[in-house]
Amino acid sequence: MLRAHLVEDVRRAEAAAMARLPDGALMQRAAAGLAAAVLDLLGSAYGSRVLLLVGPGDNGGDALWAGARLAGRGVAVEALLLADRVHEAGLAALVAAGGRATRDLDDLHDAPDLLVDGIVGIGGRPGLRAEAVAALEAYVDVPVVAVDVPSGVDVDTGRLDGPHVRAALTVTFGTHKVAHLVDPASLAVGALHLVDLDLDELGEPAVEALQPDDVRALLPRPGLDAQKYTRGVVGVRAGSDTYPGAALLAVSGANAGLVGMVRYVGPEHVADTVRTAHPEVVGAGRVQAWVVGPGGGDDAATMLAEASQDGVPVVVDADALAHVDEAGADWILTPHAGELAAMLGVERDAVEAAPLRHAREASGRWGCTVLLKGHHTLVAAPDGRVRVTTTGVPWLATAGAGDVLSGVVGALLAAGLEPYDAASVGSWLHGAAATQAAAGGPLTASRVAVHVPQVVRETLAGLG
Ligand SMILES: NC(=O)C1=CN([C@@H]2O[C@H](COP(=O)(O)OP(=O)(O)OC[C@H]3O[C@@H](n4cnc5c(N)ncnc54)[C@H](O)[C@@H]3O)[C@@H](O)[C@H]2O)[C@@H](O)CC1
Ligand SMILES: [K+]
């Protein structure tokens, strides 16, 4: 599991580690890891030029100490000091190693190969000062390695408020921070590298992200004595005269092999199309979970009312979301930002600016799991836990992808996973299937469903 902690937890754990380690040891570990990552990216030390952007705190200290190590390896290192006072020992080490420091942007030599953003770290407030913005603008085409976090983002929430660094690589220390995983800040992180500081006592993570091993442990798999009914039956109530295709897509997600049987309930001619495409699918009957809403149109309210009567878990998606009054504790709501905004009575922009807060709020308000779709989909449980999905590709932003997701999640729910696990594992599989289907290019939603079994196969085999 990849875990991200709040700044206060990082500070507490760092203080405990510092109490048992020699002075400055943690910063030296951080700087060594940072310098190694920068060298990796540069390829070779000699002939390379690096510019450190140095702010007032220990984040700047990390950059300066790493700069000293890089200078010692033959990199031409300059530091632009963006504060009246910077980390003294770090600055002295840089200069002693042959690096050069200035406070004047015009005093810098040729354009560097890399910028190291040591402006602010976990002590930073959102936004950047004018001098930092000017430095970044002077080198817009130069890739940036962010120290700990891209400066300017709101570390604990992932919100953006004002200018911020856009990194090609972020080298973080001890544990991940919320902004690394949660949109919109996660879009500014680039590749993410964790330098281990051996921190204990970090406590519960604020958010976490499933890794292939976690998914493997959670995936339902048939026992030797499995029968179709013991593996779970998922029912899909989706599609209408206006949107018959959504039923097909939701069924294709549900019918990716994760349950023993799939039922479809909907308009007769849509059911014909579903059975033609998926001959395994049967009609009404007992289910262990319902998927309700994709393409439901005007029928969505009736679909939801009928599904709720069974007293089994329900995945509520698309048109059905507008009809959620009271939700069962074992339900999963799967809105995108616009749908969640309508449910909460706020603007879509507000949800997009603070998806973590709104997913948590919705989960609390309806007392059930909420899966908020986005670049990094969030799954919030009513007890406060949040998982974020880091699989997937931008090509997945395509019509019908959400319908497939609801089917996959419903299948996992019917197979017996807890709602929080079903939603997060389903979203992980959906993203991984999209990456595989896209193979570096475009994809369609139907192809995502086709790739789910292969992703499951590879994950079970430990190839993920
Ligand atoms: N505590 C430790 O032992 C370790 C800390 N480390 C580094 O230390 C960092 C935290 O250091 P600090 O607590 O000194 O905090 P920062 O380096 O994040 O800087 C805080 C300072 O920046 C100012 N500031 C806040 N927001 C600003 C903004 N938007 N623009 C300009 N200035 C702003 C504050 O007034 C304060 O003086 C971590 O992110 C990490 O990089 C690492 O060396 C690992 C060990
Ligand atoms: K930084």
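Cβ atoms are placed via backbone N, Cα and C, with glycine included.
Note that TrEMBL annotation is computational and uncurated.
Annotated AMP-binding residues in TrEMBL are Lys373, Gly374, His375, His376, Thr377, and among Gly364, Gly384, Gly400, Gly402 the one listed with them is Gly402.
According to TrEMBL, the residue from Asp148, Asp156, Asp161 that belongs to the (6S)-NADPHX site alongside Asp58, Asn59, Gly60, Gly61, Asp62, Ala246, Gly295, His336, Asp403 is Asp148. Take the K(+) site that TrEMBL assigns to Asn59, Ser151: the candidate from Asp23, Asp84, Asp117, Asp183 listed for it is Asp117. Taking the Cα atom of each, Gly374 (AMP binding site) and Asn59 (K(+) binding site) are about 30 angstrom apart.
Compute the center of the Cβ atoms of Asn59, Asp117, Ser151, which mark the site for K(+); besides them, the chain residues with Cβ within 8 Å of that center are Leu53, Gly55, Gly60, Ala63, Gly118, Ile119, Val120, Gly121, Gly124, Ala146, Val147, Asp148, Val149, Pro150, Val165.
In this structure, the binding-site residues that sit close to ligand 2, with a C-beta under 6 angstroms from any of its atoms, are Ser151, chosen from Asp58, Ser151, His376. Summarising the environment of His376 (AMP binding site), the number of other Cβ atoms within 10 Å of its Cβ, over all protein chains shown, is 26. Largest Cα to Cα distance within the recorded AMP binders Lys373, Gly374, His375, His376, Thr377, Gly402: about 14 Å as a whole number.
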